[in-house]
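Student: Let me give you the structure first, and then I'll get to my questions.
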Amino acid sequence: MLFPLLETLYQGKALSQNETTDVFSQIVTGQVDNIILSSLLTALKIKGETPEEIAGAATAMIQNASPVKRPEYDFADIVGTGGDGHNTINISSAAAIVAASCGVKVAKHGNRSVSSKSGSADLFNAFGMKLDMSPAAARECLDKANLCFLFAPVYHAGIKHAMPVRTTLKTRTIFNLLGPLVNPMQPSHMMIGVYAPELVMPFARTLQLLGYKKALVVHGSGLDELAVHGPSMVVEIDGDALNEYTLSPSDFGLEEYPLAAIEGGVPDENKQLIQDVLAGEGQAAHEAAVAMNAGALIKLCGRAETYQQGAKMAIDAMQAKRPLQVIEASSAVSRSHDII
């Protein structure tokens, strides 16, 4: 029964990671009444979710996701929480594609839009990626093209059990924090952008609890990614160590640009803006934003020694049009399989 755990939350006390995993396993398998679920989510929100609770909920979602074979090699994901209120171009999606063209294996987990007019799924779909490809097809994309897209609704069907309550409550809950943490392929390396500075350290501690080999959590002057318009807060996770510092465009050998210079549009417009970037023909601010975030992922995954070297690798790849070749190759593999 959940009542003793609810009582714990009502008293302002935290659940353990294992307790939260048990609770959320019941939620995503449809075993929790909507009124109880509403109380649980509200109590967690008022108390403030701990890293242990967030990690426990994420573990439950991963354990109950549609299975996908995890590679033995290292691979990464780069994702933002969304919800930063700015309609920027798809920086993390473009950075994923660019990093993949520089030798990083990237399994991009994503959904339709949250904060921008065009989410990662919208963009990958515009490039011809079959969103409802099978897990086996996604794994083949990663093996052959260095890049795959994992469309969240394909893997996390259990989330539907919480949707009526989430829709009724009309407020952020722990579920809004889980999207970046529940990649069903379970990457070894992770770069997460968060929408508020106060989330940087809790997310870093959560990633530690989830056992990532290396990870970065960033917040860039109001954005859920590294910023070209100002300084970015960063916490780097390396096993048991947490290293907190600030990054600016100059650390990547890049110029600063105003926030307005990286605003996006509807999916078709975004697709063209990103296609130009991937082909080395993008606007200077767009190219810098993508190079900065791709460069950080490239360094995190050990392909570059410094952030500046990572950004240069990203720019060189874009000018050689390699990212465009990668997304086209991955999309072709995704379409070569039957629909699940």
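Cβ from N, Cα, C; glycine included.
Predicted, not measured: the structure shown is a model, and the values here were computed from it.
The anthranilate 1 binding site annotation in Swiss-Prot covers Gly80, Asn111. The annotation 5-phospho-alpha-D-ribose 1-diphosphate binding site is assigned in Swiss-Prot to Gly80, 83-84, Thr88, 90-93, 108-116, Ser120. Here Swiss-Prot flags Ser92, Glu225 as Mg(2+) 1 binding site. Sequence annotations record features per position, and here Swiss-Prot assigns anthranilate 2 binding site to Arg166 based on sequence analysis. The feature Mg(2+) 2 binding site is assigned by Swiss-Prot to Asp224, Glu225, with sequence analysis given as support.
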Student: Which whole-number value in Å describes the distance between the Cα atoms of Arg112 (5-phospho-alpha-D-ribose 1-diphosphate binding site) and Gly80 (anthranilate 1 binding site)?
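Tutor: One finds 12 Å between the Cα atoms of these residues.
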Student: Quick one, of the binding-site residues His109, Arg166, which Cβ has the fewest other Cβ within 10 Å?
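Tutor: Output over binding-site residues His109, Arg166: least Cβ neighbours within 10 Å is Arg166.
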Student: Just checking the binding-site residues His109, Asn111, Arg166: which sit within 10 A of Glu225 (Mg(2+) 1 binding site), CA to CA?
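Tutor: Qualifying among His109, Asn111, Arg166: none.
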Student: Restricting to the binding-site residues Gly80, Asn111, Arg166, Asp224, which ones have a CA within 10 Å of the CA of Ser92 (5-phospho-alpha-D-ribose 1-diphosphate binding site)?
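Tutor: So the list reads Gly80, Asp224.
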Student: Which one of these binding-site residues has the most other Cβ atoms within 10 Å of its own Cβ: Thr88, Ser92, Asn111?
Tutor: Ser92
Student: To the nearest Å, how far is the Cα of His109 (5-phospho-alpha-D-ribose 1-diphosphate binding site) from the Cα of Gly80 (anthranilate 1 binding site)?
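Tutor: Here the two Cα atoms lie 10 Å apart.
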Student: Please identify, among the binding-site residues Gly80, Thr88, Asn111, Arg166, the one with the smallest Cα-Cα distance to Asp224 (Mg(2+) 2 binding site).
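Tutor: Minimum Cα distance from Asp224 (Mg(2+) 2 binding site) across Gly80, Thr88, Asn111, Arg166 lands on Gly80.
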